[in-house]
Amino acid sequence: QSLTIHCFQGCDASVLLDSSGSIISEKRSNPNRNSARGFEVIDEIKAVMEKECPHTVSCADIMALAARDSTVLTGGPSWEVPLGRRDARGASLSGSNNNIPAPNNTFQTILTKFKLQGLDIVDLVALSGSHTIGNARCTSFRQRLYNQSGNGQPDNTLDQSYASQLRRNCPRSGGDQNLFFLDFVSPIKFDNSYFKNLLANKGLLNSDQVLFTKNGESRELVKTYAYNQELFFLQFAKSMIKMGNISPLTGHRGEIRQNCRKINA
């Protein structure tokens, strides 16, 4: 997911900037707050790169490479990452709040947000498969457990035994930051069990489960990837390259940051 957060704003490492001066960090946006993490890993990589070949490798490229390498290290596909992005000299909190799909968005809203970035329904379903790894906070799916449609009823597209397990650590109030695996079957392995979970009504986020319940075309894609991991891997790699090409800064635009958390002086 880190690349979605990184690239829906343009793949320009704006998400890595801390607040300072006129910059209001995107880390504070609703999709990112207490959710986007691992920034210290990027800091470590950047420090090594600056030592070896200073002012050469952008934070934006480091993020794109880290997304690929973490996929490979957890058992997923590899792909050739196009390089040459430069880093933004600013951030957009409102852009981050508005452009990045939210867990409670409707299927149509999510698809529209992808289409605005030049991504289609195939990209949407394949890239959602990155939820085979990682966690979500209780606050991201609580409404599904207690009050899905404002009628005090849980979401009927959520498997009931799974829902009661989730309720143990995600109460009606409190525990907002409690973490849950997005894919409880194989949470640290990059595979297609995310899609198998959707077939069993065990997608954690509303934005996961709607891929199976709200649209015929995306439902067929979910089934395809659930039955054919190889096809999922192939499409995931293609869609990651496509997403990595969302309006990058090149040429003389932007800069190559020395420290990923702040713009060059």
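Glycine too: its Cβ is placed from the backbone N, Cα and C atoms.
Annotated Ca(2+) 1 binding site per TrEMBL: Gly10, Asp12, Ser14, Glu26, in sequence order.
Annotation comment: TrEMBL describes Pro101 as substrate binding site.
Sequence annotations record features per position, and here TrEMBL assigns heme b binding site to His131.
Under the heading Ca(2+) 2 binding site, TrEMBL lists Thr132, Asp183, Asp191.
Taken from TrEMBL, the feature disulfide bond covers Cys7-Cys11 (among others).
The annotation disulfide bond is assigned in TrEMBL to Cys59-Cys260 (among others). In sequence order, Ala13, Leu16, Leu17, Phe39, Ile42, Asp43, Lys46, Cys59, Ile62, Asp87 make up the list of same-chain residues 6 or more apart from Cys260 (disulfide bond) whose Cβ falls under 8 Å from its Cβ.
According to TrEMBL, the disulfide bond annotation covers Cys138-Cys170 (among others). Taking Cβ-Cβ distances under 8 Å and a sequence separation of 6 or more, the neighbours of Cys138 (disulfide bond) in its chain are Asn169, Cys170, Gly175, Asp176, Gln177, Asn178, Leu179, Phe180.
Look at TrEMBL and you will find 9-264 tagged as domain 'Plant heme peroxidase family profile'.
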Residues flanking the Ca(2+) 2 site, with Cβ no more than 8 Å from the Cβ centroid of Thr132, Asp183, Asp191 and excluding those residues themselves: Gly129, His131, Ile133, Val185, Ser186, Pro187, Lys189, Phe190, Asn192, Ser193, Tyr194
Pairwise CA distance, Asp12 (Ca(2+) 1 binding site) versus Asp191 (Ca(2+) 2 binding site), rounded so that it is a whole Å: 28
Under 8 Å by Cβ from Ser14 (Ca(2+) 1 binding site), counting only residues of that chain that are 6 or more apart: Glu26, Asp87, Ala88, Gly90, Ala91, Ser92
Of the recorded positions listed as Cys7, Gly10, Cys11, the one whose CA lies nearest the CA of Thr132 (Ca(2+) 2 binding site): Cys7
Of Cys7, Gly10, Asp183, Asp191, i.e. the recorded positions, those within 10 Å of Pro101 (substrate binding site) when Cα atoms are compared: none
Which of Asp12, Glu26, Asp183, Asp191, all binding-site residues, has a Cβ with the fewest other Cβ atoms inside 10 Å: Asp191
